[in-house]
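Chemist: My structure is below; once you've seen it, I'll send some questions.
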Amino acid sequence: MKKFKILSITILSTLLLGACANSNDNHDSSNTSAHNQSEKVFKSQTHKSKASTQLKKSEGSSNDSRKEILDKLVKLTDSKSSGSNKNYYWENGAAKTNGFGDLKYGDYNFSSDSQGRSAVAKAVLTYSEYQSSKGGRQGTPLDPPSWPMNNPIVGIHFELTDRTYHGYLYNRSHSIADSLLGKGSYTSQFNFTTGTRPQNVGANQKGGMRAAEETVEKYWESHPNSKETVEYETTPIYKGDETVPRGSIVDIKSSDNEINTEIVVINSVEGIKINYNNADSDVQPYVKNTRVKSKPVVKVLSHPKQTVQPVTKPVTQSTNYTKSADWSVAAPGKVFVSDSNMYYSRVKNPDNFAYISKSTAQAEGDQPAARGNEYAQP
């Protein structure tokens, strides 16, 4: 009897231990499975994170140092590139403004470097300056240091827009724009650099330096009569002793921190190799496909003896431009087109413009002038 009880207890203990062992095995298996699953999720998230980081880098959303910016600009300009967005600029993180301690509301400063080149330009911009600059150019652009004697007429085909610009290769490019600083932007040659046409306005009139300028213009438009200020700092970037900058860094920060950005502008041209030592280029002689600069029949009351040249086809009054004081005013549906492919509704020297229909101008890629000057108005 005792042997039977001992045997029963032994069998029962063995079964209980086996059950515990199976239970533990199942628990360990579950833990191992959960651990493996967790590891897979972690690795997957890590992979996605790395992929996301690589994607951001490839898109140009970066925070490059000044040396990295110079290296990138040299590479882009040497390869005649318009940049990853094909509009001659990229964004580079938050603004890195400095040295504004001595500048107050509405102040500005333009500097040169040890070689006499245009260097840092900075201003504390205000809404009143922006408002007062509306309606037309506030001065005459100054020649920057080392402005080239030869500024050829070129044809630049932009990949972004599939359009071709016909006009001067170089602009006297503001570091701080007329539209932001008004008359103050014309007080020093050091507020100007030798910039290519696309460096100035990009491929679509909204790139290059215009990308930075429009950032502030849109801010003021959404904050009318604001008492906020905008710190605006432009730094031309040169390689060694070169006289033409490879690009510019524009740092913009509003006092309410709504704007806080750094924009890098590329000073290059698609299809044209530039010598940044002297602004020479490999551009081929360009024979402009000049549109007929028409001289419609215009009656000027102050000149009764003026003779009218005969025309082969009748010209109706609707196609003529009229005179108003010193201005020649385009008829409805007609515009005056400048050599830089901008069109206007009235000008002072009509012989310097092509007078064509507005629909033709638009079809040929001409752009409406956003701003006027003392010789032409939108």
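Placement of Cβ uses the backbone N, Cα and C atoms for every residue, glycine included.
Model, not experiment: these values are computed from the prediction.
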Chemist: Labelled region 'Disordered' by TrEMBL, one stretch among 190-210, 211-231, 358-378. Can you tell me which?
Modeler: 358-378
Chemist: Please spell out the DSSP helix, strand and coil residue counts for the region 'Disordered' (358-378).
Modeler: 6 helix, 4 strand, 11 coil
